[in-house]
Amino acid sequence: MRQDRAEGGAHVPQAASSGSSPLSTSSSRAVPGSCCLCFCCCCSCSCLSVRGGQDEPSRDNGRQPKSTSSRETKLEEVDEKTASGQPDMEEVNEWGKSFDKMMKSCHGRIIFREFLKTEYSEENMMFWLACEDLKEEKPENQSAIEEKARQIYEDYISILSPKEVSIDSRVREIINRNMVDPTPSTFDEAQQQIYVLMHRDSYPRFLNSKMFKDLLRQVSSEGASS
């Protein structure tokens, strides 16, 4: 590990001057030991106060690839196991009419997530899936709830995370209060905001994308030949 950091440090100036891909430098964003990642509103931790009423710069301009390595949620594992083969023509046509139906389909979630990767916004789907996984926990299983809530906060809410999702200050404050005593519904408002964002922003582009049109042609030709 020490050797990797030494080599990464030696090449940073060259990467900056040669315009190398952001993918090659995304791992350097982490700042070890820079935050306690506390969750209460009463402390002075920089991870909760750094915004200080300032508006966050838009993340849509000059978007960069983000690190997407994370623990798989149960729902992701279920999608991978159950989405064998290809969706049929009727199912894909339904996706073109209803975002809700696409998000209820394991095939639909997998394909839409692949599209989000091309827009460097896969973290929105990953956050939504993690919230769904958290809501599956029984209220009496408090230790598991707290661990999953902490992981979701660190991965998608903390401003130090490269996978931070875009939520407004009101919802962020609600989450900070909820994290004092996490429940399966701790991130409900944030999850709804991200769901609406994907529906209004990414979904229309998905329907007009080459990925979706190619899939439509494929299932149509398979349906005609069967």
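Along the chain as shown, the residues are counted starting at 1.
Backbone N, Cα and C define each Cβ position, glycine as well.
What TrEMBL says about this protein:
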REGION    1-24  region 'Disordered'
REGION    51-90  region 'Disordered'
COMPBIAS  53-82  compositional bias 'Basic and acidic residues'
DOMAIN    98-216  domain 'RGS'
Rounded mean pLDDT for the residues that make up the domain 'RGS' (98-216): 97
DSSP residue counts for the domain 'RGS' (98-216), split into helix, strand and coil: 86 helix, 0 strand, 33 coil
